[in-house]
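Inspection log for the structure reproduced underneath, given as structure tokens.
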Amino acid sequence: MKRSVIYSVVAMFVFWSQSASGQNIIDYKVTIARDSFGVPHIFGETDEDVAYGMAWVQCEDQFKTMQEILAACRGVYGEIKGKDGVIADIGIQYMGLKDFVDENYDNDVKGDFKGYLESYVQGVNDYAEKHPERVLLKKLFPISGREVLVGYMLGNVEISGAGNDLKRILNGRVKRSRTEKKTKEKVSSDGINSDKGSNAFAFAPSKTKDGSTYLAINSHQPLEGWYSWYEAHLHSEEGLNIIGGTFAGGASIFLGANEHLGWAHTVNHADFSDVYELTVNEDGTAYLYDGEWLPLTKKKAKAKVKVLGFMKIPIKRAYYESVYGPTFKTDSGYFAWRFMAGQTLKMAEQWWKMNKAQNLEEFREALEIRGIISTNIVYADREGNIYYVSNGRIPERDPAYDWNGVLPGNTSETLTDNNLIPFDSLPQVLNPKSGWVFNTNNTPFTASASGFSPRETKLNGVMSYQESGRENNRSVRFLELMEGRGKLTYEDFKRIKYDDQYPSNLRKVSGVDVNVLFRMDPKSYPEVADALEIIQNWDRRSNVESEGATMFLATAYAMKAIGGRQLQREEMALKGLIDAKSKLLEKYGTLKVALGDFQRHIRGDVNLPMAGAPDVLASIYSVAQEDGTYKAVAGESYIELVRFSKEGVEIESINAYGNSEVDGDPNSTNQMEYFTTQRLKKMTFDKEEILSKAVKVYNLK
């Protein structure tokens with residue numbers, strides 16, 4: 001789930017906008033209470049009131065990000081960002097999502113949800129009208145409910161990893177298939193070995209000393225920008241009462257907890273996108289399909305790029321349309337792309353119903369909508385239920401074909417439809433006797449203790465979830481921590497969540513095989529013997545005091561930058577050690593550098609030491625700065641810990657920076673100290689307490 005993937009493919013994913021149709025005028029009655037950290041608690045009589053308020057507070061706090069994404073998805077980002085923006089403008093037109101929404105909106109968006117969605121839209125439009133000085137591009141407004149749903153679809157393309165296949169096609173990395181069945185060219189593997197992602201785990205009352213149910217919601221996202229988290233509390237008199245996180249343009253909560261239940265998401269890896277090679281005639285006007293030649297429709301993506309600050313130059317790119325979907329001509333042939341996120345617009349409605357669910361039965365009914373394309377879901381409730389499912393909108397597929405490869409695009413046998421693999425056939429486990437479930441973006445077939453996880457079946461041949469045994473450092477470490485463990489206290493639960501140690505059986509870190517660093521004999525490499533000894537004597541923790549973590553990470557980053565598959569592992573490690581040693585000595589004058597001096601959490605004038613490392617449970621991913629330090633940019637972001645007990649629900653949470661992106665707003669940095677010192681703030685559903693302690697209370701009418 002990260003911005004760089006989007007940018008390299010289509011650089012977009014949240015809104016598409018066109019002029020909104022006339023909407024009913026509603027007298028919204030909304031009260032917003034900002035707590036001491038600036039988190040908005042939105043109170044309304046109806047769900048529609050709350051939706052209006054949700055839109056308003058998002059605009060107050062992150063209007064710039066919302067507009068940037070909106071511009072990209074509407075196809076005018078190039079008029080704001082120039083060359084970088086036009087990449088998004090062209091790319092989004094390849095996907096055809098706006099046409100899909102236009103064709104299905106009236107049939108699929110009805111009833112209470114339609115009112116909720118359109119109230120959210122009205123809030124955005126009203127804010128833009130009342131604050132024209134903050135509008136980046138006048139033509140963006142007004143928006144409509146249709147554009148918001150396209151935004152959800154685009155987000156699901158990103159979350160499901162489908163954009164990786166489009167990226168390969170456009171980069172010419174998809175090659176011609178040589179056979180019609182069981183082709184070997186893999187096209188959907190990006191992210192399988194990725195150590196970026198999220199954590200989620202739940203403990204049943206049978207596993208906790210106080211008899212409560214614990215839920216850890218621990219998403220690893222970009223710390224700021226398009227897919228960073230925004231926290232809110234939604235409360236209506238119609239049963240909506242939830243605290244959690246959402247993205248810019250999200251009309252409801254994406255992960256969080258209400259008074260009855262809660263859930264977390266982590267990215268999963270299955271086959272949510274297919275690529276086809278077409279047989280095209282010599283003049284490129286028709287393709288063979290079931291023995292007949294069908295017309296290959298030529299289309300043009302159009303955009304404008306702003307240059308020299310004022311001039312707008314039109315850009316056009318040709319592509320095609322076939323029965324499979326968008327189709328592209330490359331040096332290797334004609335390839336079509338079909339992706340599950342382009343087949344439904346029910347994502348937003350499903351999340352809204354998950355927000356409203358009050359028990360396990362209602363929650364699973366919401367999951368049966370099958371609108372959310374992917375993601376693992378870890379669930380817990382006040383009745384003591386815990387549940388894990390590797391969710392997926394996966395179509396029924398002919399097992400004779402290799403759906404991970406390039407498929408023949410000349411037969412209806414490979415054209416999937418909305419006949420889906422039944423929800424009950426997805427990997428899942430409810431209330432295992434072990435008393436716990438978890439996921440850290442690892443295989444869904446390790447979701448609990450041995451013997452209590454979902455069983456991998458032959459059906460996985462067409463679903464392509466990570467097979468049994470595909471673990472990462474976080475999952476291996478979590479299993480280490482749980483091995484032979486009895487009942488946990490709440491403090492034990494928090495220590496697991498904030499664990500910063502690599503496992504004894506170390507997997508790749510940031511795609512680099514770092515185990516070689518622990519096998520090399522320092523006596524054989526005198527020029528880096530001191531650096532090697534620091535790493536080999538390291539306890540594998542990544543707290544702010546750790547000197548070993550600094551030496552290890554500096555070396556791993558250098559090894560990744562060197563790359564070169566032609567190099568032997570020890571040769572690459574040696575080059576990495578030399579580079580890391582040189583840079584640390586140049587910057588600090590010593591190799592004994594505390595991680596908190598090397599890795600920082602920075603926004604504006606606030607600059608704090610940052611613990612964590614790639615693929616530890618308390619993950620942090622950082623990038624080099626000009627001064628030689630590393631700045632945290634992803635990983636630990638929005639954290640919400642939930643305890644359901646007989647007395648009710650207790651929630652603690654924190655966000656990486658704060659709830660605002662506005663420069664100079666205290667709420668843009670006022671959670672950073674808590675975040676870097678692993679402290680959490682108390683949240684409550686108690687309206688009277690919220691209003692009495694609020695820093696600011698105001699009404700929208």
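Placement of Cβ uses the backbone N, Cα and C atoms for every residue, glycine included.
As recorded in TrEMBL:
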type     : residues               : note
SIGNAL   : 1-22                   : signal peptide
BINDING  : Glu147, Asp271, Asp274 : Ca(2+) binding site
ACT_SITE : Ser198                 : active site, nucleophile
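Glu147 (Ca(2+) binding site) sits 28 Å from the residue listed as 'active site, nucleophile', counting Cα to Cα. DSSP gives Ser198 (active site, nucleophile) a coil state; it is part of no helix or strand.
Other Cβ atoms within 10 Å of the Cβ of the residue listed as 'active site, nucleophile', summed over all protein chains shown, number 27. Comparing the binding-site residues Glu147, Asp271, Asp274 by how many other C-beta atoms lie within 10 angstroms of each C-beta, the top residue is Asp274.
Asp271 (Ca(2+) binding site) and Ser198 (active site, nucleophile) are 19 Å apart (CA-CA, integer value). In the three-state DSSP scheme, Asp274 (Ca(2+) binding site) falls into the strand class.
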